Amino acid sequence: MSGVGPISQDWEPVVIRKKAPNAAAKKDEKLVNAARRSGAEIETVKKSTAGTNKAASSSTSLNTRKLDEETENLTHERVPTELKKAIMQARMDKKLTQAQLAQFINEKPQIIQEYESGKAIPNQQIIGKLERALGVKLRGKK
């Protein structure tokens, strides 16, 4: 600015308006009551599954009936006793702790603990890693 002449502003006035009410605001109880008082026409629609989990409520009776008719005891396959004993014996022969063996095969110590306690679901990749780390054949007949 050179300082010559009066300073003028050529700003346009800005008008800020509220947004139009959305569907939730239109259904607001206060607005509905105000519309009733003024005599305006009000339309209400009842949704049959409003506020419920449709997927869960529609097939519940079918699933319940299937479960009731099911007689077979379904459980996950667990580590056989021979395998867990073989893992423990091979680990102790190598003088490794569960944590050291787990670190050696890049797994969590909890995995080794579950295999040795018989709680794990057998995974052929992990059994293969254990075979290579311990130098013992764990799968198949010896």
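Start at 1 and count along the chain as shown; that gives each residue its number.
Each residue, glycine too, has its Cβ placed from N, Cα and C.
Noted in TrEMBL for the protein shown:
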REGION    43-75  region 'Disordered'
COMPBIAS  47-64  compositional bias 'Polar residues'
COMPBIAS  65-75  compositional bias 'Basic and acidic residues'
DOMAIN    87-141  domain 'HTH cro/C1-type'
The domain 'HTH cro/C1-type' (87-141), counted residue by residue under DSSP: helix, strand, coil: 34 helix, 0 strand, 21 coil
PLDDT averaged over every residue in the domain 'HTH cro/C1-type' (87-141): 92
